[in-house]
Amino acid sequence: MRGGQDEARARVLQFTNCRILRGRALLRCGVRGRALLREDLWVREGRILDPEKLFFEERRVADEQRDCGGCILAPGFIDVQINGGFGVDFSQATEDVGSGVALVARRILSHGVTSFCPTLVTSPPEVYHKVLPQIPVKSGGPHGAGVLGVHLEGPFISREKRGAHPEAHLRSFEANAFHDVLATYGPLDNVRIVTLAPELGRSREVIRALAARGICVSLGHSVANLQAAEEAVQCGATFITHLFNAMLPFHHRDPGIVGLLTSDRLPPGRHIFYGMIADGMHTNPAALRIAHRAHPQGLVLVTDAVPALGLGNGRHTLGQQEVEVVGLTAYVAGTKTLSGSIAPMDVCVRHFLQATGCSVELALEAASLHPAQLLGLEKHKGTLDFGADADFVVLDDSLHVRATYISGELVWQAEEARQ
């Protein structure tokens with residue numbers, strides 16, 4: 001029901017008294033640059049509507065108006081690296097993985113997340129074979145955030161920079177490299193991102209094969225130098241997994257993977273994106289500022305949240321490892337090795353804004369437009385341009401979530417906002 005008389009009869013919602021993040025400007029009956037503007041958001045059949053066409057071609061007005069109380073309307077957040085949460089571990093091969101994914105999908109709505117990539121850490125092949133078929137791509141709605149595909153972080157990563165990944169299950173590429181990938185993971189139908197270490201032998205062959213299948217290749221958990229990283233990008237890699245973490249530190253003679261942010265050896269037109277965990281624990285504020293100022297348009301906020309998200313202190317799992325949460329930090333139990341984050345996306349957005357001093361627009365784009373661009377979804381997700389999916393988050397001036405919408409439908413609302 002997208003055109004003709006059926007479309008004309010569909011209900012039109014008009015969101016008023018709001019500031020809209022569109023085209024990198026916050027719009028209000030107020031200021032956009034130096035111009036005074038009024039801008040409402042119009043929605044029909046789950047898409048953002050051009051009101052001029054509605055007025056002048058269809059000669060219609062809204063069926064319902066909703067006053068947003070002066071709040072910000074931004075595209076829904078997209079988390080491309082989340083290992084679980086609320087007691088659910090995506091890397092555990094249970095009989096009903098789908099119910100766990102559904103629980104997380106529902107709970108992250110309160111943090112403004114409308115789409116996500118469930119992430120599996122390094123695991124034995126039997127776990128991938130059992131879990132991956134149970135996490136299909138799925139549209140979001142009242143049931144929860146949409147699933148964009150799975151992010152496979154490992155097992156083809158560096159032993160030296162494995163971080164919280166279990167060493168016993170790490171793998172390298174064998175003689176028939178891509179066949180080894182398929183033997184490890186099984187069918188790749190539900191896979192959207194694969195993190196690997198580009199210094200591994202035959203990695204370029206694997207990167208080309210994955211990119212040819214439309215899978216985003218990310219570089220991470222690696223001791224690669226800059227040349228190896230540049231060659232990986234030339235082969236099709238487009239992302240860096242949690243910049244600064246689990247990679248060689250920046251060095252002025254060979255900056256390693258970090259050097260991709262300002263490299264002049266990337267293919268023409270190729271844009272490199274990089275994930276940042278802005279939880280206040282993984283990355284020093286000065287490092288956040290360095291990365292942001294070097295390459296702001298490539299920065300993608302990720303939570304890297306672990307199953308302990310939302311549960312507090314104690315012992316929890318992350319795949320084959322036991323994790324201990326102390327205060328705001330998760331460690332591999334019995335060590336001081338960081339093991340993912342327990343900060344939700346809206347917390348990361350606020351911390352990133354405070355730490356970098358960037359504009360509100362750029363902070364919001366790092367959690368919405370940039371991950372959508374990374375996945376090639378920017379015409380439908382991460383934007384409130386006309387024709388895009390009406391997935392958006394309502395925020396107050398301090399960027400706390402007041403409500404979350406998917407396809408123009410209210411799917412979560414703060415208790416105080418219901419009064």
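Using N, Cα and C of the backbone, Cβ positions are placed for all residues, glycine too.
Lifted from TrEMBL, the feature list:
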- 72-411: domain 'Amidohydrolase-related' (DOMAIN)
- GLU153, HIS221, HIS242: Zn(2+) binding site (BINDING)
- ALA164, ASN245, ALA246, ARG253, HIS282, LEU338, SER339, GLY340: substrate binding site (BINDING)
- ASP304: active site, proton donor/acceptor (ACT_SITE)
All-chain count of other Cβ atoms within 10 Å of GLY340 (substrate binding site): 33
Intrachain C-beta neighbours of LEU338 (substrate binding site), sequence separation six or more, cut-off 8 angstroms: GLY163, ALA164, ASN245, MET281, HIS282, THR329, ALA330, TYR331
Residue with minimal Cβ packing [other Cβ atoms within 10 Å] among the binding-site residues ASN245, SER339: ASN245
Fewest Cβ neighbours within 10 Å, where candidates are the binding-site residues ALA164, ALA246: ALA164
Taken over the domain 'Amidohydrolase-related' (72-411), the model's mean pLDDT: 96
Check: same-chain CB within 8 A of Zn(2+) site center, minus GLU153, HIS221, HIS242: GLN81, GLY154, ILE157, GLY163, HIS165, THR195, SER218, GLY220, THR241, ASN245, ALA246, ASP304
Other CB atoms, at most 10 A from the CB of HIS221 (Zn(2+) binding site): 29
Other C-beta atoms that fall within 10 angstroms of the C-beta of HIS242 (Zn(2+) binding site): 26
Those residues of the chain, 6+ apart, with a Cβ under 8 Å from that of ARG253 (substrate binding site): none
Recorded positions clustered about SER339 (substrate binding site) [Cα within 10 Å; pool: GLU153, HIS221, HIS242, ASP304]: ASP304
